[in-house]
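The feature region 'Interaction with host CALM1' is assigned by Swiss-Prot to 8-43, with similarity to another entry given as support. If you look up Swiss-Prot, you'll see 12-19 marked as region 'Interaction with host AP3D1'. The motif 'Nuclear localization signal' annotation in Swiss-Prot covers 26-32, and the record cites similarity to another entry as its basis. Swiss-Prot lists 507-576 with the feature domain 'Peptidase A2', giving sequence analysis as the kind of evidence. The active site, for protease activity annotation in Swiss-Prot covers D512 and rests on sequence analysis. As annotated by Swiss-Prot, domain 'Reverse transcriptase' applies to 630-820. The feature Mg(2+) 1 binding site is assigned by Swiss-Prot to D696, D771, D772, with similarity to another entry given as support. The feature motif 'Tryptophan repeat motif' is assigned by Swiss-Prot to 984-1000. The domain 'RNase H type-1' annotation in Swiss-Prot covers 1020-1143. What Swiss-Prot records for 1200-1350 is domain 'Integrase catalytic', and it gives sequence analysis as the kind of evidence.
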Amino acid sequence: MGARASVLSGGKLDAWEKIRLRPGGKKKYRLKHIVWASRELKRFALNPGLLETTEGCKKIIGQLQPSLQTGSEELKSLFNTIVVLYYVHQKIEVRDTKEALDKLQEEQDKHQQKTQQATADKGVSKGVSQNYPILQNLQGQMVHQSLSPRTLNAWVKVIEEKAFSPEVIPMFSALSEGATPQDLNTMLNTVGGHQAAMQMLKDTINEEAAEWDRLHPVHAGPIPPGQMREPRGSDIAGTTSTLQEQIAWMTSNPPVPVGEIYKRWIILGLNKIVRMYSPVSILDIKQGPKEPFRDYVDRFFKTLRAEQATQEVKGWMTETLLVQNANPDCKTILKALGPGATLEEMMTACQGVGGPSHKARILAEAMSKATGAAIMMQKSNFKGQRRIVKCFNCGKEGHIARNCRAPRKRGCWKCGQEGHQMKDCTERQANFFRENVAFQQGEARKFSSEQTRANSPASRELRVRGGDSSLPEAGAERQGTGSSLDFPQITLWQRPVVTIKVGGQLREALLDTGADDTVLEDINLPGKWKPKMIGGIGGFIKVRQYDQVSIEICGQKAIGTVLVGPTPVNIIGRNMLTQIGCTLNFPISPIETVPVKLKPGMDGPKVKQWPLTEEKIKALTEICTEMEKEGKISKIGPENPYNTPVFAIKKKDSTKWRKLVDFRELNKRTQDFWEVQLGIPHPAGLKKKRSVTVLDVGDAYFSVPLDKEFRKYTAFTIPSINNETPGIRYQYNVLPQGWKGSPAIFQSSMIKILEPFRKENPEIVIYQYMDDLYVGSDLEIGQHRAKIEELREHLLRWGFTTPDKKHQKEPPFLWMGYELHPDKWTVQAIQLPDKSSWTVNDIQKLVGKLNWASQIYPGIRVKHLCKLLRGTKALTDVVPLTAEAELELAENREILKEPVHGVYYDPSKDLIAEIQKQGHDQWTYQIYQEPHKNLKTGKYARRKSAHTNDVKQLTEVVQKVATEGIVIWGKVPKFRLPIQKETWEIWWTEYWQATWIPEWEFVNTPPLVKLWYQLETEPIIGAETFYVDGAANRETKLGKAGYITDRGRQKVVSLTETTNQKTELQAIQLALQDSGSEVNIVTDSQYALGIIQAHPDKSESEIVNQIIEQLIQKERVYLSWVPAHKGIGGNEQVDKLVSTGIRKVLFLDGIDKAQEEHEKYHSNWRAMASDFNLPPVVAKEIVASCDKCQLKGEAMHGQVDCSPGIWQLDCTHLEGKIILVAVHVASGYIEAEVIPAETGQEAAYFILKLAGRWPVKIIHTDNGSNFTSAVVKAACWWAGIQQEFGIPYNPQSQGVVESMNKELKKIIGQVRDQAEHLKTAVQMAVFIHNFKRKGGIGGYSAGERIIDIIATDIQTKELQKQISKIQNFRVYFRDSRDPVWKGPAKLLWKGEGAVVIQDNNEIKVIPRRKAKIIRDYGKQMAGDDCVAGRQDED
């Protein structure tokens, strides 16, 4: 035993002996269990020494676990003991064996997930897909099951909601799990409308397909029989392969996972798109100083999802970057939490940090420490504040329950529930008088006369029944058929206090269904009385009993016994309540309230109420009083700081008012909701049913309670006239109209409520859109109607009424704007108005009506009517109808005269869609299952680009119809299109990636779609080659277009009011016009090439239309592009030809300005040439003709480039005055000043002034006494300047400053007559020299050059710093097509767009976006105690 007892020592043994054998049991593990286990291990031929370590226990567990299923009880006990021991070794606390086993299970599950993840990351998972689009049928063949409409719909919705944000990629990946290329193309096609994105995607797919073909060359020779061909790039993209081939590749042995490969290509493309739409790196996500932590976490994870990294790297980012990039307030808290904190803990800890409440809390803590003493000192002024006491029993202030004289309330005083007393209550706040005990949620509601008691409004309420109370519980009423009484309702949100009349006196009394007797205080009643004692809460009270007293309550009379005595509150007990038919109604409306929050960091709306007219205030007061009675709204006090404006409008065609609340501000601040329904149901998707009913839910929103915590934000105020009293404040208890959450919450409640009914009655179809219900079944009408009543009962139980007024039993049914008949449907009758003048608003309504009608009336057009609305016009502007619009309207009227019907969908038959071209870019289509029985029709007239052709438009129509088919019926129809197969093939070979068309056949309905011309892919040998070009002047709008041919012909035409793009097109048009039936054209315009290569057959541009006409007449045309201005033969010549007089004429208007400037500043020719765009010849001519400048010709000064901190100083003399000149050697920049005397003091002062303006490191002077003086040395020492001296008597050592002195004197001479004093002329000359003379290095002026030199110097130094720092970084990177991160490599250089790295002695350039740069923390990284420092990239 001794040997084995050493398995656990000290602390571990203590922990072992605390663990129970079974949960809740008394027996615990002892040393004997370890000894037993070691003996047992020997029996199983396992080494007992393994028990001493964690690793050993793990190995034993691995050996024993597989045999547990078949092992004996002893084996299981042994396994359990070892699992517990394994956790004791790891110092992980477990309370009993079961907990240890659960932990093990969890650990193994996690491990399994990781390994699965790893295998998935390594490559495409083996075996068949996870989503199972490919299934094995009973014969063992692999068959394809196409993507479900739900999947496609989800995908479309993702793109609509998220555009191309990072979440799109994981969503795509999940939705397309295991899909074939054909499925993937279907997915892409459903979002084909996003053309720019699809174009980018297409380019990526093309590149990847080309790369695939390069890496997988075709094997020579025929394919051996029985062997499959290898897929090419276009096969993988699903364009040149059939579905059968794709399945065969994916399921062969070994498989070629074409679906996964194509998916990888698409994801590469989506990555590019995402980067374009939201270019954010995870390193840039930093928490703002006042940003709530929750928002920061949302942004962080949103970006993290988009990062292309393995799970490990992402895990690392979460652990380090999340904390690191938090703001200082949150970072302090997060660091205190320690490294192992979960995200939940972090969120909780950082809640409210940085916000005003957080600051206030910190301030309050500080204040409480500082001011506690001060408050105590002032205490003598008053004898401590008395705490106001309140009675638990009656709710009045001033006494406690023990001394209360009111009748004793039953149940707990704190929560109001029976079955326990207050001392045992678990509830925290006293809640007795808000009797919302049984139902924590929900509200009272209005009940119409037909409503029954089973109606269950959503809260406990008292109902006082009117009329003949002798009816036993008004039984007839209960059936919902009897008299139509409207009961007063008293909700229990406040105490049910009413005004009663007793013996002609008015009193307030509490309706108390828990009291047997009626007890009143302080009232004198006539007649005899008997003394009586009754038991109350505070003991017994003496009362006088009066019999046969008449009381009037809520307009109902009752006669009975009344007790008069010292009761704290007047009580009407059951003896009276039963007489007036008062009942307590418990709701059965457990509609759960949906919890709603504001957006993080936002507060409720605080919008002031605007003034209202008297009649509106009256109307609103009435409406709100009514709503309050019904429990839809409640009054609130001034403690609620929120407000939303309210106003009133007249109802349509009525004198009644409607209350409108302007919830725009609250809507901005409310969280977002997922719209439960993505669109409106369409009748063409309904299956034909024998019996149909249409119902409408009454007061839909007001039947659903609003989350209690959210109600305060819906507060609004009814103002008073002339502000004579404060406004009345209310808040909503139910879903308000106009609030953004109402539709989603109502619909989800409705779905939950209908679910049990749908389950019980699967044969009944219920379409629910908001409060419209369509119920169809194949039952005979009697049974059907019985089911309808069941449904109405079911809805009533939840508090939803279905008013008879809107209950449609007989066809035709009006539903959602449609008219439904038993075997056909149409849109509700459409009346087009006849008007003499039309406003913008009228035309908008007209177009809306026609669009609505077009879903069943084929041939409706609105193009010309829409044209009338172009431009920004006011709604009331009158618009004259054009002749085309008149004609279009007349045609539409004709079409609408004959009523047209659609039929219903039969799932057993195929869907067929037929498309016709109507001309003028308008298309019409019909979807049917049997000829001449359309399910629905539609039109398409959207032009996506300025230049288009019919084939392109046809593909757009097909995509629209396919999407519609998926949404309504869940499948794509077969298409019948007016285009020949050959025409389609020609177009499609060029454009297959951008367009996908499902199964289709040719149908000969003119006009047929055709390609009118074709461009050659190779130059035409023997045809004349035209080099074309155009140029235009932006200011004058004048231009030229022309060509030169390889046969020496040339032509140029002048154009007015044109642009560069137009002239390029004009030149092509000239070439086509002047050439034979075959022609080669070379242009340098990408714009023109792009338009013509897309084969347009119509365009909004007149010139493009002319080009199209010319192209149609040619036999063969080849069009090619060359880059401009690259000296390419014919292109360069034609460029010169069209440019003369256009591009170079521009300098003429610059000459005058240049001459004017030269007269002022005498700038040199280089400065003028660059500032005024003058040719050098002209600029030199200006200098030559100036009498002051041609004396000595141009000064030459090409400096030697010296280090940036050196200046030369010297004194020169002019007009008997001393000028001190400093020159920046490297740039030739001058600072100069007239000084009173040549002394050390003046020189020192000048040097300090210079050092304050520029970085001066070294000054170079001659040996003059002023420069060698002690004062100058002191100034140089203070400013950190090194002083150097020239060689005595050798003026060349001061060469730079000497030549500058000459130059300066020359300039002073040129401007001297413009200034009175020499010192002014010196500064003018300095300005001219520094900024008006260009030349030397870089053709800069001296001022530009000094700035450039200093900036370059700073950058170079920074770079040096970076290079030394950069050694501390490591780079993780991805190669061109491999998605796995490699590294770490050494960082050699980091630029804007790329980084240079060293990976195993190989130097690589990696695009910036494919590299992650991480600080290298050395070996300690591995330790637990490592605290990572800054992670950003320098």
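In case you wondered, yes, glycine gets a Cβ from its N, Cα and C as well.
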Rounded to a whole number, how many Å is the Cα of D512 (active site, for protease activity) away from the Cα of D772 (Mg(2+) 1 binding site)? 41
A correct count of other C-beta atoms within 10 Å of the C-beta of the residue listed as 'active site, for protease activity' gives 21
Pull the DSSP breakdown for the region 'Interaction with host CALM1' (8-43) and write it out as helix, strand, coil residue counts. 20 helix, 2 strand, 14 coil
At a 10 Å cut-off from the C-beta of D771 (Mg(2+) 1 binding site), count the other C-beta atoms across all protein chains. 19
Mean pLDDT for the domain 'Integrase catalytic' (1200-1350), rounded to an integer? 85
Using a Cβ cut-off under 8 Å, which residues of the same chain at least 6 positions beyond either end of the motif 'Nuclear localization signal' (26-32) come close to it? 5, 8, 13, 16-20, 81, 84
Based on DSSP, name the secondary structure state of D772 (Mg(2+) 1 binding site): helix, strand or coil. strand
Secondary structure of D512 (active site, for protease activity) (DSSP, helix/strand/coil): coil
Excluding its own, the Cβ atoms lying within 10 Å of the Cβ of D772 (Mg(2+) 1 binding site) add up to 19
Going by DSSP, how much of the domain 'Peptidase A2' (507-576) is helix, how much is strand and how much is coil, in residues? 3 helix, 40 strand, 27 coil
